[in-house]
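First the structure, in the form of structure tokens, and then the observations on it.
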Amino acid sequence: MSTTGIVYRPRRLRATPGMRRLAQETRLHPADLILPLFVKEGLLEPQPIASMPGQVQHTEESLGKAVAQAAEAGLGGVMLFGIPERRDATGTQGDAEDGILQRAIRIARQAVERADGGPAPVVMADTCLDEFTDHGHCGVVTTDGRVDNDATLDRYARMAVAQARAGAEVVSPSGMMDGQVAMIREALDEAGFEDTAILAYSAKYASAFYGPFRDAVDSQLQGDRRTYQMDPGNAREGLREADLDLAEGADFVMVKPAGSYLDVLRAVADRSDVPVAAYQVSGEYAMIEAAAANGWIDRRAAALESVTSIRRAGADLVLTYYALDIAAWLA
Ligand code: PBG
């Protein structure tokens, strides 16, 4: 008989490091992390991104080294973004055979091979036009200034095939055009790339947290993306977007950003029968970096806690700029 009347004491399982480890429900592992990488055409030296301390725009050479590091760290994948020298209205460099992103994919495929013969990180590419258009929108813009859904689909299909041909194992449509997954699946299959997977940015919100990314890719965008990316207040619509992408043949679905959308992530995870990814975006990274630089929070603890929370909310995979740091901290 308890003298205090307290029967249940959850603190028992928190008493020692060993007990806490045993009782831990969510663990991080490098294989669940995907590192986003930027490569810029014509760059002579890696260029630091001011709003993303520790992240750079890579040269083709430094990209190869970063990918090799990701492989040695045992990361699950790398997500490649290209910044071309020349931009135009329809983003023709996006599907040019020697376009910067296609070159980056070929470099990455070489660099992921591990000396110890272990599994290579999966090479993924962003399948979107915003880095390649002179207006910075994710699609083709009509004369009256609208982003034309159906005209854009054909551009995405060509990009996806060019990426697959260069060796991308996963193409990642992030432009939020309706029907993009079905269109890309059909184009890949027709071109003989039945085994190239599609990671769909399914519930992608029109978010202020992409701010630093726009620096990272030298974005030209005026205005916003609210006619194609989702309203931050909408959760139900995010589920519908995920359902549509699943029906269209997505191999992975994603919620983005992650930290402010953990409810959406949980709901998508509860109904998805394919792996669910979440993207801890540039602004989420920048906030932790800025606070840590001021001594206001513990950088390592905050990074680990934020990514653990994203996994706990239902993400099987996390795209995070902390992927290499976390792998090192776990080692
Ligand atoms: C679109 C794309 C964006 C990001 C990933 N893919 C930018 C946008 O939609 O404006 C943002 C990623 C980040 O902020 O880290 N190609």
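Glycine is treated like the rest: Cβ placed from N, Cα and C.
Since the structure is predicted, the reported quantities are computational estimates derived from the model, not experimental observations.
TrEMBL lists LYS204, LYS256 with the feature active site, schiff-base intermediate with substrate. What TrEMBL lists as 5-aminolevulinate 1 binding site is ARG214, ARG225. Marked as Mg(2+) binding site by TrEMBL: GLU241. Among the features that TrEMBL reports, 5-aminolevulinate 2 binding site is placed at SER282, TYR321.
Here the recorded positions are LYS204, ARG214, ARG225, LYS256; the one with the fewest Cβ atoms within 10 Å of its Cβ is ARG214. For GLU241 (Mg(2+) binding site), the same-chain residues 6+ apart in sequence whose C-beta sits under 8 angstroms from its C-beta are MET176, SER202, ALA203, MET230. In this structure, SER282 are the recorded positions from LYS204, GLU241, LYS256, SER282, TYR321 whose C-beta falls under 6 Å of some atom of ligand 1.
DSSP classifies TYR321 (5-aminolevulinate 2 binding site) as coil under the three-state reduction. For SER282 (5-aminolevulinate 2 binding site), the Cβ neighbour count at a 10 Å cut-off comes to 25, with all displayed protein chains included.
Summarising the environment of TYR321 (5-aminolevulinate 2 binding site), the number of other Cβ atoms within 10 Å of its Cβ, over all protein chains shown, is 26. With ARG214 (5-aminolevulinate 1 binding site) as the anchor, the candidate recorded positions are LYS204, SER282, TYR321, and the one with the nearest CA is SER282.
Recorded residues SER282 (5-aminolevulinate 2 binding site) and LYS256 (active site, schiff-base intermediate with substrate) have their alpha carbons 11 Å apart, per Cα-Cα distance.
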